[in-house]
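The feature active site, proton acceptor is assigned by TrEMBL to Lys107. Residues annotated as NADP(+) binding site in TrEMBL: Val89, Leu90, Gly91, Leu92, Gly93, Asn94, Leu95, Gly96. Sequence annotations record features per position, and here TrEMBL assigns divalent metal cation binding site to Glu149, Asp150, Asp175, Asn300. Taken from TrEMBL, the feature domain 'Malic enzyme N-terminal' covers 31-164. According to TrEMBL, the domain 'Malic enzyme NAD-binding' annotation covers 176-413.
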Amino acid sequence: MDDAKQPAAEDTRTTRVTAEEALALHAEGRPGKLEIRLTKPLITARDLSLAYSPGVAEPCLHIHRDPKLAYDYTAKGNFVAVISNGTAVLGLGNLGALASKPVMEGKVALFKRFADVDGIDLCLDTEDVDAFVNSVRYLGPSFGGINLEDIKAPECFVIEQRLRELMDIPVFHDDQHGTAIVAAAGLINAIHLTGRDIKATRLVINGAGAASIACAELVKAMGMRPENVILCDTKGVIWRGRTEGMNQWKSAHATTTSARTLAQALDGADVFFGLSVKGALTGEMVRAMAPRPIIFAMANPDPEITPDEARAARPDCIIATGRSDYPNQVNNVLGFPFIFRGALDVRASTINDAMKIAAAESLAMLAREDVPEEVAGAGAGKALRFGPEYIIPNAFDPRLISRVSPAVAKAAMDSGVARRPLLDLQRYARDLANRLDATVGALEAIAESVRQNPRRVVFAEGEEEKVIRAAIAFRNAGYGTPVLVGREDRIATISAALGIPLPDGIEIHNARLSDSNRRYAEFLYAKRQRDGFLFRDCLRLVNQDRNVFAACMVATGDADAIVTGTTRSYSVAMEGISMAIDPIPGRVVFGLSIIVSRRAGTVLVADTAVHERPDAETLAGIARGSAAAARRLGLEPRVAFLSFSTFGDPRGTIPGSIRDAVKLLAERGADFEFDGEMSADVALDPGLRASLYPFSRLTGPANVLIMPGLHAAHILARSVPRLTSATVIGPLLTGLAHSAQIVPMQAGVNQILDVACLAAHAAATK
Ligand SMILES: NC(=O)C1=CN([C@@H]2O[C@H](COP(=O)(O)OP(=O)(O)OC[C@H]3O[C@@H](n4cnc5c(N)ncnc54)[C@H](OP(=O)(O)O)[C@@H]3O)[C@@H](O)[C@H]2O)C=CC1
Ligand SMILES: CC(=O)C(=O)O
Ligand SMILES: [Mg+2]
C-alpha cells in the first residue's frame, strides 16, 4: 500500500493500491470476498425433494454404510477449511481471530481462483492450544483438507502436529510449509543463477517463527549444511547456549557462532531470508553480504527491505519479496492452492516431504521455461525471462495448476499416501488446465485431433516476434510443421533476442528468394489473367506480398493452411488471400467467432467479419456454414436467427430479411435445428421460450447465433471478453476452398496459436 513514510527515492512497484481503495473493495456490494453458490438446481418442488428431504436420505444411508462414498455424494473431496486464531496475521502480529478474517477469506478466494478448490474460513477465538485442537479435530467429516493459517509460533507447531496425528485428512500449516516450498523454489533458481553450490551457501534467516523454522528445515533437507544456516529473532542470533527467548524449535536450529546480531551474522552471507517484520534489514547489512547476494524479504505486507533500497545498496543482488507489486513474488500463494489440488485429487491422507519437494522443484523448473504472453503482460511491460528479475513463476501463470498439482499427486502416489491413485497423469494435467479455463476444454479435443493429424501451417508474418513465438509453440504442441514467411537472418536475430532458439522442424521461406515463386506466379496468372493482371503483376505480388505468397503455397498444395493478420488490416489481408484462394462454390464466406464461457459453454456467432448487411440468401448461407462448423467442433447445432424482435413482435424492416432467411431454410430443408427471428434472451433461455413461445423448434439453448448484421455481431464479439469472463476466439474465416485465417492485429501469441490450431483442424476436416 502507499505509505506516506516511504522514501521518495526511486519506486519500482508495478502496481499501487491505496488504503482507501483496499477498504472500498472489501466494503463494496456484498461485504467481504466470499459467498456460497449452489451446484444443483433448487427451483421446483421436485428439485427440493431430490436435494433435500426425502431424497437426501439416500446419500446419508449410503455414506453411513460406506464412508468413502462421502467423496461421491458430498462436497467433501473439494472442500478445505482455512483455519486461524489470528495470532500472527501476516507480519502484523496478534490481531485476533476476527481481524484475521479478511486474510482468511482471501486465502479461500485464492484457493478458488487458482486451483478451483472450495473453502471456508473458520476463525477460532482462542489462543489456547488444547481448545484450538479440540475445535478442529472433529471437523474432518466436512472437509478434504485443513489449511492452518497465521497461527504464531511455537503454538502452531504443536497444533499442527497434534491435528496431523488426530485427523485422517491433510493438515497443512501454510505459513510453515507453503512458505518453505515457495522460498525453496526461488532459492534453487537464485543459487543456479549465481553459480553457487548449495552445500557451500551461507544463509541467514531473520525470524524464528512458523515460516522461518519450516524454511530452515526444508533447505537443510535439500542439502544446505546446518552450520551454514543462522536464525535470528527479536533477541538476535540464535546461538548454541543461548537461553533467553528460546524454545525447543529454535534450539534445534541453534548454531555455534560468535555472531550475536543480525548485522554480524550477515557479514559475508550469501542468502538472506526475511520472515520477520518490515524494515528489519538495512542497506548497510546488505552491503556486507557476499558478492551477488540473494535477498528474500518475505514479511507481509511490507518487506524487511524494499527492492529499491536493496538494489541501491547492492546493484548485484537478486531480490524477492512477498508482494505482488514487485518482480519475484515469493509468497505461499504459489504453493497452497496447487498443493491441495494435487493432494485432494488423489485423496492423500497427508502432505508429506516428498510432496513438498516435488512442489518446490516443479515451481523452480517452470520459471526456467518461456513465459506465456498473458503472464508476460502481468510483468507490466517488463519481459519476463528466467533471470535475476524472474526466478519464480508469476501467480497468474495458468500453467501452475497443470505442473505443480500433478507433481504433488505423483509424489503422493509414489510415497504411498494416495488413497485414490490416478492412472493417467498426463490426462490429469490436461483436465486441470481445462478446469480453470473453459476455452482450454473446448479447444482440447480439437488440439488432440490436430496432434493426431498434424498439418503444415504457413505463418505469413514470419518476422513478427509474437508470430515466431506462436510458431514455436505450434511446433512444440505437436500440431505440425510451422512455415514462417520471412528473411532467415532476421528471424534468427529476433529469436536470439527473445532467448528462444528456433527448434528443428520450423521452415522458413523468403518470399523474395523462394524457388517456388515462378510456379506461384504462373498459378496466379492462370487464375487472374482475365481480371486485369499481367504475368509480371502476378510475379511482383508473389515476391512482395507475403499474404499472396502464403496463400499461393496453400492453394498449390505446398501447405495446408495460412495464418496472418497481425501487421495489416483485416481487409488488406483478406484481399491478399482472395487473390489465390476462392470461396467453395455455392458457399458464403463469413467470419465465425467462438464464445467460450463457463456459464453457457461454447456458443458460435456469425457473421462477425464479412457481410455488413446480409440479405436473406446470405443469412441462410451463413447459417448453413455455421451449423457445419459447429459439427466440426463437436456441437450439435441449434441455430437462432437473432434480432431485436421475437416472432414478429415488434415489427421492423430488419426482421423481414431474417424471417425470409428462416423461410428459405425451411423451404429448402436443413439437417439442423433452426428458428427465428428471436431476441438473444429468448434464444439462450429455453425456459423463457417454453413459457412464451412453446411452438419454437429449438430443443435447447441456441449454440449458434446468426446475427442480423455486421455491426451487431462485431459489437457483441468485441464486448463479451471485456464485459464478462468469457473468451472469444476468432473471427474464423469460413467458406473458403482452403483453410485461411486472419487474426485481429492486436492478437497475442496464444490467440495466434489457437487460430493456427483451428486452421490446421479445418484443413484436416475439409
Ligand atoms: N511471503 C510469504 O509467503 C510469507 C511471509 N510470511 C511473513 O513472515 C513473517 C513471520 O510470519 P510467521 O512465521 O507466521 O510468524 P511468527 O509469529 O510465527 O514468527 C515471527 C518471528 O519473527 C520474529 N521477529 C519479529 N520481529 C522481529 C525483528 N524485528 N527482528 C527479528 N525477528 C523478529 C519473532 O521473533 P521472536 O521469536 O523473538 O518473537 C518470531 O520468531 C510475517 O511478516 C509474515 O507476513 C509468513 C508466511 C508466508
Ligand atoms: C503470505 C502469508 O501467508 C503471510 O504473510 O502470512
Ligand atoms: Mg500467512
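Yeah, the Cβs are placed from backbone N, Cα and C, and that goes for glycine too.
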Sequence-ordered, the recorded positions among Lys107, Asp175, Asn300 whose CA is within 10 A of the CA of Leu92 (NADP(+) binding site) come to Asn300
Mean pLDDT, the domain 'Malic enzyme NAD-binding' (176-413)? 94
Give me the sequence-ordered set of same-chain residues, not including Glu149, Asp150, Asp175, Asn300, with a C-beta within 8 angstroms of the centroid of the divalent metal cation site's C-beta atoms. Ser84, Ala88, Val89, Leu90, Val103, Asp174, Ala210, Ala211, Asn332
Among the binding-site residues Glu149, Asp150, Asp175, which residue has its Cβ surrounded by the fewest other Cβ atoms within 10 Å? Asp175
If you measure from the CA of Asp150 (divalent metal cation binding site) out to 10 Å, which recorded positions from the list Val89, Leu90, Lys107 are inside that radius? Val89, Leu90
Near NADP(+): residues not in Val89, Leu90, Gly91, Leu92, Gly93, Asn94, Leu95, Gly96 with Cβ within 8 Å of the site Cβ centroid are Gly86, Thr87, Ala88, Ala99, Ser100, Asp150
Within the set Asn94, Gly96, Glu149, Asp150, Asp175, which binding-site residues show a CB-to-ligand 3 distance under 6 A? Glu149, Asp150, Asp175
Highest CB neighbour count within 10 A among the binding-site residues Gly91, Gly93, Gly96? Gly91
Is Gly93 (NADP(+) binding site) helix, strand or coil when read with DSSP? coil
Just to be sure I understand the contacts, which binding-site residues have a Cβ under 6 angstroms from any atom of ligand 1? Candidates are Leu90, Gly91, Leu92, Gly93, Gly96, Asp175. Leu90, Gly91, Asp175
Which recorded positions among Val89, Gly93, Asn94, Leu95, Gly96, Lys107 have CB under 6 Å of ligand 2? none
Looking only at C-alpha atoms, tell me how far Asn300 (divalent metal cation binding site) is from Leu95 (NADP(+) binding site), rounded to the nearest Å. 14
Listed binding-site residues Val89, Leu90, Gly91; those within 10 A of Glu149 (divalent metal cation binding site), CA to CA, turn out to be Val89, Leu90
Least buried by Cβ count (within 10 Å) of the binding-site residues Asn94, Asn300: Asn94
